[in-house]
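Visitor: Got a structure for you, written out below as C-alpha cells; questions coming shortly.
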C-alpha cells in the first residue's frame, strides 16, 4: 500500500489532488485513484512501478492507446488517469482530466513529427516503391514489392471492402505510379462487381479530366512533353517512362496521386455498397451474384433487429427494388408472393458464379422458417409519440384527471353546461373547419343527392358486414353507399362489447395494434408462450389460435393473446376480417380521377436541407394538417418525393409551407381550364342587393384521387439527419399543383348547380374561391338566401368564414371596388422614386395596365421600352425624357378618381377609339355618353413595319373580342377614319380582315393613307430594274439598278445582308427617279413590305423608303422571278453579283482543313460535313502528322474502320445473349446462345462472317472468347482478334452501351413475345431499322450498308486516283503570270481541279492549269483521264 501510495511525493501529490475529474465538476483526484490504477495495471500484467516516472507513464499510454476504441470503460478510465499523472510528473499545468488528455495527445503528435522528420532525413527512399534517383542521377522506378501486394490481397480478403480498406490502400500505395496502382488492382481483379464499379468511376473521372484539360492545338515542341490525357493517368495509354517523366518534371504532374484519388473515389462507392449505413443503401453490384447480395442484405437486416413482418415487407420490396437490372426483371416476373428460395433459384447464374448457393439456401430456409422471437405490438415506422394535453386547462404534459387547476364548468368538448364530456352528443368530426355542422340529419348521414366515393380518409371507424367481403382500403366501395353500418366516432375511445368463449367483454378497437390482446380469460384449446412489446415494455402472454370472436354482431376467427394487458385490445388481425375502416370527412364530393402523362413515373426529387426554424415550423404545420386529415403519414414503401420549404407570411411572424410541385406538374396529365379568364365588373348587371363571399381553405376542402395521392409525397427532414425524415402525402388538392384549380372549379360548379337551379333569380359569379352573389330581392330576403347558400356549401364541406363575408358596400372583389351603382379599381398609388430598378418598372407597368380598365388615356409604351433586352431584376434603369413625361401624364390622370357603371342589357354597347400618337390608342366602351362601362388601351405592333389603318383594325378586333367575352356581343364602333380611306385599304390590302359595324367620328388626329401604289405600269415613266447581293461570310454587299434609258448605278455596302441590299436598291431607285417611277424587283421580301403601305417602321432604311414614297406622285412596283433571263433583271444581277456571289467548286476544303487542325475529325465526318469527295477528305487526314500513328486508331479513341466488330456476352432472364456490334454504324447482330462456351461463340462468329465483311473482332478476356475454338474460327475466316485492356475507358464501350440499349428495347417488347429468343430478334430489328440518328440521320441498318458501299467506292476511286497521280499539274495564280508546279493532281472536276502543292491543297480553275504525264513532259492528250481544257 505504501509503495503504491508513494507514486507521487509531497508537492506533486498536492497538484494531483487539485485536478478535477470532470470539467466544471466538484470531485477531484485522490490517493485512492492511484491505488486503483496500480491494481488495474497488475490485472493487465503491466508493471505498476512505471507510474512513478513520466517515461513509464508514456510507455503505459503506448500500450493502452490501441485498445481505447474497442476497449471497456475501465480501460478508458485507466488511460485518462495515467495521462493526468503524466502531466503531473512533467509539471504541465492542467485543471481537469479532459485538458490532461488533450495535452498528452499534443505531446505525442510533436514527437511523432520529429520521428518522421528524422526518418526522412536518414533515408531518401520510401518504404514502398516510389521513384528514386540512381547513382548516375537518373530517376528510376523501384518496382512494387511482392510483400506489399500480398498485404493488399490480405486486406481485401479479410476486410471485404469494409471502410478500413480505403486508409489501408492509401498507405500501401504511397508514392505509387499509375502502373503500380494497376498492378494492385489486377491482383484483386477476381472481385468482378467491385472492379466493374471501380472501372466506371475511373472512366467518369478520366472523361472529366479530358473535359477540363483540352489538348493544345498544334504539334508538341521538341524536347517538351505532351500533356497527359485521362487514359494516360489511368496508365492504359502511357508508358512507365512517361509516367516517371510527368511525376518528376518541373513543375511535376502527379499522375500517380491523381489516379490514386480516382481509385479512392471508386472505393468509396464500393464501400458504401458493401458496408451500407442503412438498408436502403444495400444495392446489388453490376455483376454480383444474387445470392451474395441476399446474404449481405440479410446480414444488415439481422443487425437492425426489425420485426419479422418488417423483414418480410423488406424482402418483397427493397430486395427487388435494389437488385441489378438483370435480376430485377426476373424478380418482377415471379410476382409479389415469391419466396426467397424461389427468388434465389430463379436468379441463379445471373451476374456471376453461384458459389454460395447451397450454404445460403439452407441458411435462409432456417431464417424464414423459424418463428420470430420478438413481435412488436406496434409497427416500427410510427412517428414520435404525441404529447398529452389536458382537457381542463389546455396545457400539455398531464391529463385532466391529474390537473391542479380549478375544474372548468360544463362539458370539456362542446363547452355547454348540464353534462360531462363522456355523455356529450355533439358531433365534432371536425378535422378541417372551425365549425362544421350537418343540419339536415344525424351524425354521419348525408342527403340522398350526395353520392360519394368512399375514401378511407373519413376519420371514423366504420364496420362492414361479414357478408360483404370488401378490401381494407375500401377501393371497391365506389358510388353511393348506404350508411346503415355501425359508425364509431373517435371523440371518445372506441370501446365496444365483444363476445368470446361465451363471455362478454369490453374491448378497445385499435387500428394501430397488430394483434388482439385480452386480459386474463380462460379459453379452450392449446396455447403457446410468447413475449410481446407494448408501450410499457414487454409482457408475457399465452397465444391461442383459431378462436371465434363476435364484434358488433360480426364474427371473426383468429389468434388471440391472453395476458396482463391494461386494456383489452382488438387489433388489425381481427378488424380487417370484419371489414373495419378508418374514415375522414373531408368532402363528400366525388373525386376526379387523375393520371400521370403516358410513360411517365412520379417525381423523385430529393429534399434539400432546411434550417432548424423552418423544420420546426413545417413540423407544426404538418402535425396540424395531419390532425385535420389533409395529409397522411406514409412509410418508406412510397418511392416518390417532392421538395418542400417554408417562407414567412407577409407582415407576420407566422410561417407558410410551400411545396415545389414543378416536377410533378411536368408529369401530370394536362387539364382543360374550366374558366378561361376572370369576370369583369363592367359585365355585371345592376342589382339591388349584393354580397361577396370567400370560401375558406378552398383547395383543402376537395379530396384528391386516391390512386394519385402517392405522387404528392414529401419529407420533413431532421436537423443534421438525426433521424429519418417524416414522410407525408396529400389527401386533398395541394396548393401549387397544376390540377388543383381545374378540379376545384369543376367541383365548385357541380356543388352550386342545384342551388342555381332552385334560385334562378340569384346571380352567382364564381372565380376560384371568390363568390359574387347579386339579386333584386329586398335585403332581408337576400340575406336569407345567402345563409341558405352558405349552409348548402357547408353541407359539402366548404366553409365561408365570417371574416371574409362582405354584407355592406363597397365590396372588394377580384381587385375591384364595387358600389351599388358604380365600380372602380381598388385605389392605386404610384410610387415616387429617386432611382428605378427593372423590378420597380415591371410593377409600375402592371399597376398602370390594371388602372387603364377605367382610367382613359393611360400610356405605357415609353416605360416598356426601358425593359427591352435581358436585364437583371435589380438593375437600375435611368428613365428617358419620354418615359418621365409619360409617367407624369399618367400621374395626372390617376389624381381624379374615376368610376365605371354597370351593364344594362336593354341598351346598345358603343365603343369609341382615339389615336394618341406614337402607335398608342385609347378606347372607351359605354351605353350612355360620359358613363363608361370600361376603358382600355392598345399599343401592340404586330410587325416591324405598319401603318395607322392596320393598327386601327387590330385595335378594333381586340375590343370586339373583349366585348364578346364580357357581354356576349360586339359594340358599335366610332372610329377616326373616313369611309373612303378605309374602303381603299380594305380592297387593296390582301391581309385586311373583317371589322364590325362602324361609323366615322371626326376626332383628330384622323387616320389616313399617306401614299398609294399604282395598279398598272405608268406610261412614260422611267423603269428601274433593282437588285442587291451580299456575301454571308464577309458581310460585304452591293446594291444597284439598271434603267430602260441606259442609266445604271452600283453602290457597295459593308456589314449587310441580302434583304438589306434589296431594300437599299429600291431606296437608290426612288432617290434617283422623278415624281413618277416604275420599279421592278426580284425580292418577295421587299415587295411584301412596301405593298402593305407602311407609314412607320422600326427599320431606319424602311423609314427612308417611306419618306421617298410620300414625296412621289405615282409609284408602280412589280416583281419578277430572279435568274430567269429577264432582260433588265439579269443585267442588274450581274452588276451587283460581281465579286460578291462566289460559286466555287469544293470551297469547303479550307474550312475542312481548319476544323481538322482543331478537332482532328476523321475523313468520314469531313466528307459529310463539308461535302468533300472521300479521297480529298482522306488526303487531309493523311497530311496531318498527328493523325499518322502507324495506321492505328489514336489512343483512347474507338477505331471506326468499316471491318471492326465488338462482341460481348450479356445476361437476361437467366439466359446468355451474345451481342455483336458493328462499331462504325452501331448495327447489331444478337442471339440467345445455349451456353457461354467457345464452341457456341465460334459458331456465332462464323455466321456473322458469312453475312458481313468482318476484318477485326474486339472482345473482353472472357474464357469463351479466349478459347482455342474461337481462335481457330478467326484463323479460318481471316479475322484478326483483339482483346480489351483492363480499365481502358473506351475498351469495350460500344458493345457495353449497346447491351444496355438492347435490354431497354427488349423490356419494351417483352410482353409481345413468349420466348426470350423471339424478343431478342424483335429488339434487334427495331434497333437496326426503326431507330434513326447519328451521322447522316440514318438507321443503323442503312448506315452499315452505306459505310460498306462507300468503302468499296473509295477503294475503286483510289485505284483511279493512283492513275491520276501519275500526272503532274502546272498552274497559274490569278494575278501572277508565272507558271508554278509541278503539283500533285488529287481530283479533276468539270470546271476546276484540286491539287496539292507541297502541303497546301488548292482549288484551281481548269483554264489555268496544264496537266502533263510525269515522264513525257508533253500536254495530256484527249485519251488521257484528265483531258486538257482550252486556255485563256
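The chain as shown is numbered from 1 upward.
Keep in mind that glycine also has a Cβ here, set from the backbone N, Cα and C atoms.
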Visitor: Record says 1208, 1260 bind Mg(2+) 3. Source is Swiss-Prot. Which of 1157, 1296, 1301 does it list for that same site?
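Guide: Looking through 1157, 1296, 1301, the residue Swiss-Prot assigns to the Mg(2+) 3 site is 1296.
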Visitor: According to Swiss-Prot, which of these ranges is motif 'Nuclear export signal': 9-15, 16-22, 37-43?
Guide: 16-22
Visitor: Can you identify, from 802-810, 811-819, 820-828, 829-837, the stretch that Swiss-Prot calls region 'RT 'primer grip''?
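Guide: Going through 802-810, 811-819, 820-828, 829-837 one by one, Swiss-Prot flags 811-819 as region 'RT 'primer grip''.
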Visitor: Among 1044, 1082, 1150, indicate the single residue that Swiss-Prot lists for the Mg(2+) 2 site containing 1027, 1062, 1133.
Guide: 1082
Visitor: Scan 68-72, 73-77, 78-82 against Swiss-Prot and say which stretch is down as region 'Interaction with membrane phosphatidylinositol 4,5-bisphosphate'.
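Guide: Checking Swiss-Prot against the ranges 68-72, 73-77, 78-82, the region 'Interaction with membrane phosphatidylinositol 4,5-bisphosphate' one is 73-77.
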Visitor: Of the candidates 694, 705, 840, which does Swiss-Prot annotate as part of the Mg(2+) 1 site that also includes 769, 770?
Guide: 694
Visitor: Would you mind telling me which of 965-981, 982-998, 999-1015 Swiss-Prot tags as motif 'Tryptophan repeat motif'?
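Guide: Of 965-981, 982-998, 999-1015, Swiss-Prot gives motif 'Tryptophan repeat motif' for 982-998.
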Visitor: Using all protein chains in view, find how many other C-beta atoms are within 10 Å of the C-beta of residue 219 (site 'Cis/trans isomerization of proline peptide bond').
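Guide: Here the count is 11.
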Visitor: Quick one: mean pLDDT on the region 'Dimerization/Multimerization of capsid protein p24' (274-360)?
Guide: 68
Visitor: What does DSSP assign residue 219 (site 'Cis/trans isomerization of proline peptide bond'), in three states?
Guide: coil
